[in-house]
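Some notes on the structure that comes next.
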């Protein structure tokens with residue numbers, strides 16, 4: 001059995017789909033369906049069982065056995081970069097993750113987890129090293145702190161000549177693609193621009209967006225990276241992006257191209273995002289490629305075109 005936490009979320013459900021595509025369906029999905037709309041991400045997927053997140057945490061902390069587990073993909077987290085309840089964020093993204101990590105280490109279960117490019121903050125160097133990290137919000141800090149916790153475990157194991165089971169973290173950059181309709185304001189730019197155009201409006205970007213560039217990565221490619229690392233048993237913390245920074249306007253132009261009409265309009269930059277907004281991200285893929293991962297990443301033009309075709313049927 002493979003366990004996918006956050007399995008009803010965007011990345012988690014795409015990992016489940018990729019597993020299904022490979023003929024694997026002995027999967028336990030763990031999530032919180034308080035937002036019942038997320039169930040739609042599971043309707044077309046084959047899984048063995050579903051468990052509520054709180055029940056799962058309780059059983060993990062009690063040391064309960066779930067039977068033979070081949071791997072755990074830990075995608076469950078509060079992913080809202082605009083959430084400032086630090087106690088809530090640290091409990092969900094840090095404490096819960098530590099409990100699950102030690103559960104896996106004790107049983108030698110491969111543990112593949114979601115980190116984030118939000119760990120880097122305002123920098124133009126995106127290398128998986130401590131010196132380049134400086135989160136701008138509490139979400140990014142929770143991910144940064146968990147990465148550092150994992151690093152300390154590796155250092156301690158090395159000092160004592162011990163070898164830990166597989167632990168692999170992925171610093172996701174700007175992920176977009178299918179199964180994100182439940183995310184509200186945290187859904188991708190492509191999703192929001194498409195909704196605007198379907199409502200008869202022009203696509204709207206923040207003022208200054210011509211200067212903002214992000215590494216936009218297609219969710220299908222993210223799932224492929226996760227499965228590659230499971231299949232190859234490689235540990236480490238790795239950037240998961242395309243290695244290319246593209247302007248927000250490129251996303252808007254891809255959406256406009258699909259619809260065959262429209263032009264970009266600008267709106268004021270939100271006050272609440274000032275000082276907590278990454279204006280530039282670009283994954284350095286040196287470490288990912290050195291590990292042997294050869295997954296090819298779609299450009300914005302190709303990825304958004306595929307995405308638009310899927311959600312505008």
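Placed from the backbone N, Cα and C atoms, the Cβ positions cover glycine too.
Binding site for substrate per Swiss-Prot: 174, 185, 192, 206, 207, 208, 209, 214, plus 277 from the candidate set 113, 120, 277. In the three-state DSSP reading, residue 75 (NADP(+) binding site) counts as coil. Of all residue pairs in the substrate-binding list (174, 185, 192, 206, 207, 208, 209, 214, 277), the one with the greatest Cα separation is 19 Å apart. Neighbour counts of Cβ atoms within 10 Å were taken for the binding-site residues 143, 183; the minimum is at 183.
The Cβ of residue 31 (NADP(+) binding site) lies under 8 Å from the Cβ of 5, 6, 7, 8, 9, 12, 38, 50, 52, 53, 76, each of which sits 6+ residues away along the same chain.
Burial estimate for the binding-site residues (75, 207): highest at 75, by number of other CB atoms within 10 Å.
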